[in-house]
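For Lys445, the entry in TrEMBL reads ATP binding site. Per TrEMBL, domain 'EGF-like' is recorded for 292-329. Annotation comment: TrEMBL describes 416-698 as domain 'Protein kinase'. The feature signal peptide is assigned by TrEMBL to 1-20. The transmembrane segment feature in TrEMBL is assigned to 346-368.
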Amino acid sequence: MGFHLFVLLLLCCLSSTTISSPSSLRSDCQRTCGNLSIPYPFGLGHDPKCFRNEGFNLTCNESATPPKAFRRDFEVLDISLQGELKTKSSIAWNCESYPDVATLSFDIYFENSPYTFSSTRNKFIAIGCDTQAYVTGYRSTSPLPFRFGCMTYCLDTASVINGSCTGIGCCQSSIPPGLTSLGVEINSSSNHESVSRLNPCSYAFIIDQDDFNFSLSDLFRTSTSSLYNEVPVVFDWVIGNETCKSAISNKTGYACVSENSYCYESTNGPGYRCRCHSGYGGNPYVPGGCKDIDECKDEKTHNCKQMCINMPGGYYCKCRKGYYGDGWNNGTGCTADPKEFPLVKVILGIGLSFLFLLIASTWTYWLWRKRRSIKLKEKFFQQNGGLMLQQKINTSRIDTFKIFTIEELDRATNNYCASKIVGQGGFGIVYKGVLPNKKVVAIKKSKLVDASQIGQFINELDILSQVNHRNVVKLLGCCLEDQVPILVYEFISNGTLYHHIHEAGHLPSISLENRLRIATEITEALAYLHFAASMPIFHRDIKSANILLDNNFTVKVADFGVSRLVPVDHTQIATLVQGTWGYLDPECFQTGKLTDKSDVYSFGVVLLELLTGEKAVCLNRSHEDRNLAMYFVREMKENRLFQMLEERVRSEASVEQLMAIAQLALRCLKLNGEKRPTMKEVVVDLQGLRGFQNHHSVHEQETEKLLCKTSQDCTEGTGGQYSTGSHFDISLTLSR
C-alpha cells in the first residue's frame, strides 16, 4: 500500500515564455556558481538577457559552502553543452513495518519543458526483499500513459550478490525514450513481516547508472539514512520542440548562432541541439563560440606520421624533406626517398657515434685511471714495506696499530682540505682528521723519502707503535699506499709548549709548580724512551715546539721525525747532524756522535725557556748572547741569574730553590756530554725540586735584582701544534 507525494521538478508550461536572442546576450552575466560552470543558454538571476528562456533559468544559493545552483528546489550538479543536465531527485520509500517512518512515492512532470529523462544514462532501481515498484509515465509524443517496473525478493543474505541487480535484493528497468513525466509507486506484498529484520524498508528511484552499484548493506537502509535521501538523475535538454529545418527558417529564434556550428535533432523527443563542426570546440549557442581546435599540439589528437599542419577546422599531414607519401598513419605514411642524400641520418649517426666514442673513451680512461691507481697503491705499499710491517704487526699482535687505506684518510681529511691543516713546515703537513668512529686524529703527510732505508724505517715503525707512555704522543697507524708514508697520531688539542710560552702570552699565568711538573713529565717521557722502551730511542729534536699540551696541560712528547733507534749494546751512534738550532747538542754537532746525553742538552734549553720566557735563539741580543744556553751559562758565571728569570718564577721560589733549578739546567748544558746527568737522574732531581718548599726568605736587596724584561722581539723558526720540520712524524731514518 502506498501514498503519493507529488514533487514538481522543473514544472514548465513554457509555451508562452519569451525567448532571449543570443545577439542581445550580456557579457557581464554570472557564469559560475560555486564549482559549477553555467554556459549559455543557461543563466542565473532575473535578467532575461542572461539565459535563453525561463526553462534555462537557474538560481544560485550563495549561503551554501560552496555555493550551489538550483532549478526550482532541485540542486544542479552538472551542465553539458552536449545536451545533458545532472540534478538530484527524490526516492520512494515503503517501511510499513515501521509506522514511525514515512512511506512515500513521488511524481515528476516535465511536460512542455526543455527536459526529458535520459534513456541512455538513467535506470529505474528498486531495492528490497519483498518489493514491487512501478513507474507510470507519459511521453511528449502521446497523451496515453504507460506502465513499467520490477519486483525483487530475497529470503536471506546468502542469496544476495554484491554488484548484481537481477531481482534478488535489487531489480532494475530501463527508461524508455521521450519520458517527460512519471510517478513512482512502491508496495510490499506482506508488509515486510517475513523479512523485517533483513530488510526493514523497500525503496525505488531513478538514478544515473554510473553512480550506482548495489551492495548488501543497501537492504538495511531506512528513509532516515543519510545515504540515498537524494540520488543523481540525468536529463536530456533541447531547444524548443521543432525540427532543425523549421528552426533554421526562423532566423530570430534559431539557437545555433556561432559560425562553424550546425543543428541536429534530438533522439529523445522533439527539439534540436547545436554542435560545433568537426575541428572546432566551444559553445555553439553564442556568437563566435566555436573555435578552432589545434590538433597538432597533441600527438593523441592527430594521425600524422611525421609532420602535422593545423588548419581551420582540421589539419593535414606532411612528410619531412627526403621522404615521400601522404604522411598519414593509416595511409601510405612516409618512406625515405632513395634519391635524397640522408643528411639528417648522417648527422644523427655521426653525432651518436661521437657520443658513443666519448662515453666509451671516458669509461676507458676512468677504468685505466682506477687500475693505475690500484697498481700504484700496491706498488707503494710494497715499496714502503707494507708486507714487512703487516707481518710484524701480525707477529707482535698489536691491536691498537692499524694500517689505513688511502681512501680512509682522504675521507677523514675531506681530501686534505686546507682548512684541516694544523701544522706545516719544510718537510710535510699535519692535518686534523676524523675517522668513521668519530675519533679525532692528527694525520702527517711528509714530503721526502729514501727508499734505501725502508727496512730500517719499518723496523723503527714497529718499535714505535709499541711505545706506550702517558707523556708520549701515541702512534695509531699509518698508510703506505702513497708515495710517502702517511702517519696517524692521536690528536692533542691544546697546542704546543712553544705556543703557550712565546705566542699566546700564557706563561705568566703558569705557576712554578706547573712549570716544574711540565719539565718533569718531559723528562719522564725521555727517560722511558732511553731506558724502558724495547729498544732505546734517542729523540734527537727535543724543543718546546715538539712538546704538545692537552687541555689539562699534560705533556705529550711528539715529532720523532729525526729520532734514532739504538741497539741495546750501544751507547752512541754515528749520524749526520740533524736538529734545531738553539737546541742542538754542540758535542754532537762537532763529533757527529749521537748519545742519550744529546736529548739531555736539548731538554736543558727547554727548561731555560720555562724559567725565563726567552726563546732558544733571540736575534735582538748581542751576537755572542743570541743562543739562550750560552747566554745563561755566562750570566750564571757572572752571578746574574735572577735578572734572567721570569717574574712569577722569582716570586714563587726561594733563592735556594731557584739556585738548585739553575744548577740542574747548567749540568744539562755541559759541553762535555759525559758530565751531563742521565735523563733518569734529571727525573729524580726534578721530583726532588717539586717537593722543595719555597719559604720566600729573600732579602729586599735580592728581590730588587729579580726585576727584568722578557724580550718580545725574539724569533725562532719553529711553532705550531705539530712540528713538521722533519721527514716523518715518527722515527724515520729514510732521509739520513
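Cβ atoms here come from the backbone N, Cα and C positions, even for glycine.
Note: TrEMBL annotation is automatic and uncurated.
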Go through the chain and flag residues at least 6 beyond the ends of the transmembrane segment (346-368) whose CB is under 8 A from any CB in it; none is fine as an answer.
-> none
Taking helix as H, G and I and strand as E and B in DSSP, count the residues of the domain 'EGF-like' (292-329) in helix, strand and coil.
-> 6 helix, 15 strand, 17 coil
Per DSSP (helix/strand/coil reduction), Lys445 (ATP binding site) sits in strand
Over the domain 'Protein kinase' (416-698), work out the mean pLDDT and round it to an integer.
-> 84
